[in-house]
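First the structure, in the form of structure tokens, and then the observations on it.
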6 protein chains.
Amino acid sequence: MRHDSRQTDQLRPIKVERRYTKATPGSILISAGDTVVLCTASLDNSVPPWKKNDENPSGWVTAEYNMLPGSTSPRKQRRADGRSSEIQRLIGRSLRAVIDFEALGPRTITVDCDVLQADGGTRTLSITGGFLALLDTVLAIPETCELAEGEVFDPKKVFTNSVAAVSVGVVEGEPVLDLDYVEDSTAGVDMNVVMTGGGDFVEVQGTAEGLVFNRGMLDAQLELATLGIEQLTAIQRECIGGDWPL
Amino acid sequence: MRHDSRQTDQLRPIKVERRYTKATPGSILISAGDTVVLCTASLDNSVPPWKKNDENPSGWVTAEYNMLPGSTSPRKQRRADGRSSEIQRLIGRSLRAVIDFEALGPRTITVDCDVLQADGGTRTLSITGGFLALLDTVLAIPETCELAEGEVFDPKKVFTNSVAAVSVGVVEGEPVLDLDYVEDSTAGVDMNVVMTGGGDFVEVQGTAEGLVFNRGMLDAQLELATLGIEQLTAIQRECIGGDWPL
Amino acid sequence: MRHDSRQTDQLRPIKVERRYTKATPGSILISAGDTVVLCTASLDNSVPPWKKNDENPSGWVTAEYNMLPGSTSPRKQRRADGRSSEIQRLIGRSLRAVIDFEALGPRTITVDCDVLQADGGTRTLSITGGFLALLDTVLAIPETCELAEGEVFDPKKVFTNSVAAVSVGVVEGEPVLDLDYVEDSTAGVDMNVVMTGGGDFVEVQGTAEGLVFNRGMLDAQLELATLGIEQLTAIQRECIGGDWPL
Amino acid sequence: MRHDSRQTDQLRPIKVERRYTKATPGSILISAGDTVVLCTASLDNSVPPWKKNDENPSGWVTAEYNMLPGSTSPRKQRRADGRSSEIQRLIGRSLRAVIDFEALGPRTITVDCDVLQADGGTRTLSITGGFLALLDTVLAIPETCELAEGEVFDPKKVFTNSVAAVSVGVVEGEPVLDLDYVEDSTAGVDMNVVMTGGGDFVEVQGTAEGLVFNRGMLDAQLELATLGIEQLTAIQRECIGGDWPL
Amino acid sequence: MRHDSRQTDQLRPIKVERRYTKATPGSILISAGDTVVLCTASLDNSVPPWKKNDENPSGWVTAEYNMLPGSTSPRKQRRADGRSSEIQRLIGRSLRAVIDFEALGPRTITVDCDVLQADGGTRTLSITGGFLALLDTVLAIPETCELAEGEVFDPKKVFTNSVAAVSVGVVEGEPVLDLDYVEDSTAGVDMNVVMTGGGDFVEVQGTAEGLVFNRGMLDAQLELATLGIEQLTAIQRECIGGDWPL
Amino acid sequence: MRHDSRQTDQLRPIKVERRYTKATPGSILISAGDTVVLCTASLDNSVPPWKKNDENPSGWVTAEYNMLPGSTSPRKQRRADGRSSEIQRLIGRSLRAVIDFEALGPRTITVDCDVLQADGGTRTLSITGGFLALLDTVLAIPETCELAEGEVFDPKKVFTNSVAAVSVGVVEGEPVLDLDYVEDSTAGVDMNVVMTGGGDFVEVQGTAEGLVFNRGMLDAQLELATLGIEQLTAIQRECIGGDWPL
């Protein structure tokens, strides 16, 4: 049994608050147990510098990840580090994997994932919540942006799929789903899995933490992750309700 | 009449949520209208480097201020700028003005003020909320810290007073209290006033914004600020209830 | 009596040397007792980036402040810090408060205030001297710049007023004018006041240094500052003589 | 058939030059086709700062990764970027996974992987070559270091296993081993696999590049990687010959 | 006699490997005894920003110098320092001294000198090898670049001369040529001399290292340097063979 | 004849103002024609970090060089660049060449050279003036520092010689002494020579500026420099008068 009485294949309680702040239509406060992330997606009506010279430039999505200093104890210093940079590259890649940039048009969306409280799994929760913030910002484009002459913008075409993420790991020799900080710090293997709502893999990142792992253990973790992503996708869909584009 | 129907001497609705996050005892989510700031106060059981060589080193309080990128539209880039640095120096000075560092003992507390949503008055709300976070962290020292041998720690002795802050300004020729962003951007004068619960001044920072101001106008604004601070002090006191140390 | 025998309302001896260096027409060496600041104003025939797309871009004035390492003991390290950044923002705002940017035309002037010797009051002396450097650079525009076709440039129209600054404070319980370093380091309150030659306020920045202050004490300091500014304005006017534009 | 006529499960030709430079005993020039990496392992007889206060501090291994500007066309600018930081974190974790830090003793070894020529697979080749440089530096400790009093140093005990890495991917719908640059830039999936000589996983990092992938495709790639690592381990063992510690 | 049995006027053995890497036509691995430098020259079909507004912009040559961390013991940290910046400015000036920028046309060439192994004389060897890399990149322009309409490009016209460099110094009271690290660290004077193949001076940089030097000693060193440059020029010419442009 | 009517072997008028500022005993305002440099030497009663573990640590002298933004037209931006870093390394080496660090004792002196007005020759004037500032700070050690127990401090023993510097160059084919900016910008060769008062060389730095130079031209410039240094040494000696330690 896990230290918080969860089953090995059980997610922590997930809560999602849509439109948490008002500066942008895409603003999601998402929590998994005691991990809380604020995801906002800000739209800029321009294309990134390296697409500027294209004839019909398509859009772009980028992500930033940051832990607030008070989100953890002891306090985390407020400066960019290698870990944050690596995580925000992962989030960006994961979100871009389900976007059709032609359909997005010449726009750049930045998804900011700011961790208010950190109890393990911040990067995967950022992807799950970041997708929702991105979705809401895209859905609002017809009301918030002036379209180009002749442009027909269909938010549904922007998304080729939904995306969510979850961590799995091996704790005391047993594969478990959605590790909190206590489990994470004793895990022998730490794995982050990003999958589409359609059940395909976007990213698999498994790391031995003091304990190398064989193929059987790898397979067991991938199974758990697949189960977790199914539940997270259902939660995402419920949050958006009738606006769900897929 | 003001654009949101407030009286010239009326604050925006103030809400305070105590113990918003769990990583530190001092965690306050405070809002004034649509301005929302998360204030956390983290304790470090060490003294700043420049006090290290003192025989009986006393403590220190410092502050950091940051606007989340998605707190405003267009999105604010995630990098330290001169404005942030100036604001966090103001917050730090204001909080230190009511602390007895001998009574605090050899401890450093960092108060982080992260703006989740910005609609004017973020620096003054950071002071008002930051004081509460600082207070809760100090109140918890007896449970959270191992005291030095022979040390008698009395949270009430750490505070010589309470502190709060509010903005005033001149909008369309008339002095008004607690400006929101719309008012702030058209104000001819912009003034931030920090006062103790006892009614004395800690900081007065008034800046002409396109319009210089005479002594009469300065006096009218100081009056409004004094009224506002009285109400904010009452709200602070109510939030803390029986633990209020003064 | 003050430690250097001055009256509470007496300035230190002020000396101004006009056209101290030759690289720019606006070059002022100004001293108040042992505080010495070199103020130079350099003109650039372009507009700041954020005005580039305006149809008829107006001008801009910016300031930089720096203490030479040998200006103080112990030696000050040669790197930008929060204090310098805050001070140069104050100097810039103060100078801009008396400039008509339409009349200045599409030009940017940078006022550099380099402290050669620091004995208190460097930021206020930088404003008083910086205004003179700015004035001389503007007066020289007809000789040093090629005007745009059809442009009529009148230096007198560029200035809506003159500006000067002085510090006041509370030393041993008594309000005093123009603090030197010895007084500054024991003052209970430290206040910088920026005013126009016409007697209006541009900035009021008062800070409790270990001692909060009541309204009466604030008023007494504002009175002293007003007296000081009157004398500084007279000195500015005498330095410029017949070229004084107001 | 692949563009360079290789089989899908065929590595590029691997060459290893041991003791390429003289400043440190561990210096390996390794190439896989046209990718060339210089790996050097430098020993420092001290422990990292965060282990300084341990009673019997154990050692540490860290890695740095860098592409020389002329290693690629167009020229790569000479500055740290997020990609390099992420790669060097991967290399460091992979090497540390097979080290017993107690057996290493209070020493820090930095493994530098400088890419002289880049044609795909630089990060995995850095791990394969970096392990050899690390091994040679550890083997030389008895001759190059003064041991602590009473210390018995056994290089064989430092290594719990060997480690090597290889890339796999999906090119034109088919899983292939050890992608070069041409294949990498058209691959739909890009995966880096780090394994021990004993056949266990250390890291699995798979990324969809424009194409999400299902479980079957993931399994096929893991198979190919396992085959590649077996060959790389044999090459490593042959390079070190009788000194091989495992 | 010198510690490695060389005569006072004898160079270390010089080896040059042309076309060492493939990403650019100009790639030279050059060694003098145990000092090894990889010089690559990368061409960019654009002009530097400060020449962009010229009507017929001419080209530019710039250099970067870097020691790999493992090139020396103890390991050199991987960050720009004043010494590197000074050296790369010297290399750039030396190469530019023999280039006709009109004949080069609107192109920028960056010569990267990365030290793989450091045993004294890295900056002079970088100039000698860097010239060869630059030469090969220019010789390849007709095949690698699309010429502007009507442009006639003649590689021979780009070079007004060849350039090479060597160090001299005073070791144990005696002037010697081409110091290695052991000699360099005990030398009383350290001098770097850059000369053209035609026998004229491009740079003379002599520094007293603990021992000032008189005119006679200066003259003796200049004589040795002249002898060394003659030999290095012959080696350069032999390396390039029939392509030598002068 | 030169553009300012000087002979080819004639210095610009040199003026030296001793004890220009008060924060440190060594404060020299030195000018050569329109070039003006403020040199201050600040003493720190500690040794540099890399000497901290020596048993009887000796002292150190370091230098910093900076041009004020207003010292030149157009205005120079206020940030460290490669040129400044290279110059301050030259100044530091030159001053250290005449110091006995044992005799200086465990003290660090930083010589700051801040250019108030730049008209050519700023680096050589910084050395000539910097030596005087350094000298005055050392002479004052008996009054300003508490000596170590048993320490006998003799300022005369700290200096093994005096040091001064001057520029020479080739202008319109003719060697000239002490170039101003107009000459410097058209010079075919630019050379900086640092010599002791005893007539020996400390540094020789000659650079071809578009024109390589032969041995005869080099000799002619060295002759001029020797003449110039003799005069500068006499001016240094006169400035210090009876305190001159050599």
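Cβ coordinates come from backbone N, Cα and C, glycine included.
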Phosphate site partner of F:Gly121, F:Thr122, F:Arg123 (as recorded in TrEMBL), chosen from F:Arg78, F:Arg79, F:Arg83: F:Arg83
Counts of helix, strand and coil residues, the domain 'Exoribonuclease phosphorolytic' (F:10-138), according to DSSP: 42 helix, 41 strand, 46 coil
Candidate with the highest Cβ count within 10 Å, taken from the binding-site residues F:Arg83, F:Arg123: F:Arg123
Mean predicted confidence [pLDDT] for the domain 'Exoribonuclease phosphorolytic' (F:10-138): 96
Cβ-based neighbourhood (8 Å from the centroid) of the phosphate site, residues F:Arg83, F:Gly121, F:Thr122, F:Arg123 excluded: F:Tyr65, F:Ile87, F:Val115, F:Ala118, F:Gly120, F:Thr124, F:Leu125, F:Ser126
Neighbour count (Cβ, 10 Å) for F:Thr122 (phosphate binding site): 23
Residues of the domain 'Exoribonuclease phosphorolytic' (F:162-224) by DSSP state, where helix covers H, G and I: 16 helix, 30 strand, 17 coil
Sequence-distant neighbours of F:Gly121 (phosphate binding site) in its chain (C-beta under 8 A, six or more apart): F:Arg12, F:Ala32, F:Thr35, F:Val166, F:Ser167, F:Asp178, F:Leu179, F:Asp180, F:Asp184
Pairwise C-alpha maximum, in angstrom, for the residues (F:Arg83, F:Gly121, F:Thr122, F:Arg123) that bind phosphate according to the record: 14
